[in-house]
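J.: The structure under discussion is supplied below as structure tokens; questions concerning it will follow.
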Amino acid sequence: MARTKQTARKSTGGKAPRKQLATKVARKSAPATGGVKKPHRYRPGTVALREIRRYQKSTELLIRKLPFQRLMREIAQDFKTDLRFQSSAVMALQEACESYLVGLFEDTNLCVIHAKRVTIMPKDIQLARRIRGERA
């Protein structure tokens, strides 16, 4: 087979090599014995379990007061305008709402475990509500 002369061709694209940040380059070029220490990371699920224990111990309200109050007033306007609420009424409604949501998530979690999963999906919430008799 005869040799042919190669001609220069225009490149048709492709990705250009990415430039690394100075910190990444320094981290890679640092010797193994000393240099930049990797930040500590907990194993997946450890922080989630810690948060579960923390929130199960606590009794404080988890939804911020002002956003809840704005939402409550917005919903109440659909029924009657210029309604006024005592602060104790707002607190009672928030307590009831959070209690309902916590119970719903507990039931939803049972549905998730029954399905041999660990991730909550909308269908789990729908099933929990259907079993409770809230949604036909």
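The backbone N, Cα and C atoms fix where each Cβ goes, and this holds for glycine too.
So Swiss-Prot lists these for the protein:
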MOD_RES   Thr4  phosphothreonine
MOD_RES   Lys5  N6-(beta-hydroxybutyryl)lysine
MOD_RES   Thr7  phosphothreonine
MOD_RES   Lys15  N6-lactoyllysine
MOD_RES   Lys19  N6-butyryllysine
MOD_RES   Lys24  N6-butyryllysine
MOD_RES   Ser29  phosphoserine
MOD_RES   Lys38  N6-methyllysine
MOD_RES   Lys57  N6-lactoyllysine
MOD_RES   Lys57  N6,N6,N6-trimethyllysine
MOD_RES   Lys80  N6-lactoyllysine
MOD_RES   Ser87  phosphoserine
REGION    1-43  region 'Disordered'
J.: Of Thr4, Thr7, Ser87, which of the modified residues has the most Cβ neighbours inside 10 Å?
T.: Ser87
J.: Please give me the CB contact count at 10 A for Lys57 (N6-lactoyllysine), counting all chains in the structure.
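T.: Result for Lys57 (N6-lactoyllysine): 7 other Cβ atoms within 10 Å.
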J.: Taking the Cβ of each of the modified residues and counting other Cβ atoms inside 10 Å, which one has the highest number: Lys5, Lys80?
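T.: That would be Lys80, with the highest Cβ count within 10 Å.
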J.: Give me the Cα-Cα distance between Lys80 (N6-lactoyllysine) and Lys57 (N6-lactoyllysine), rounded to a whole Å.
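T.: Lys80 (N6-lactoyllysine) to Lys57 (N6-lactoyllysine), Cα-Cα distance: 38 Å.
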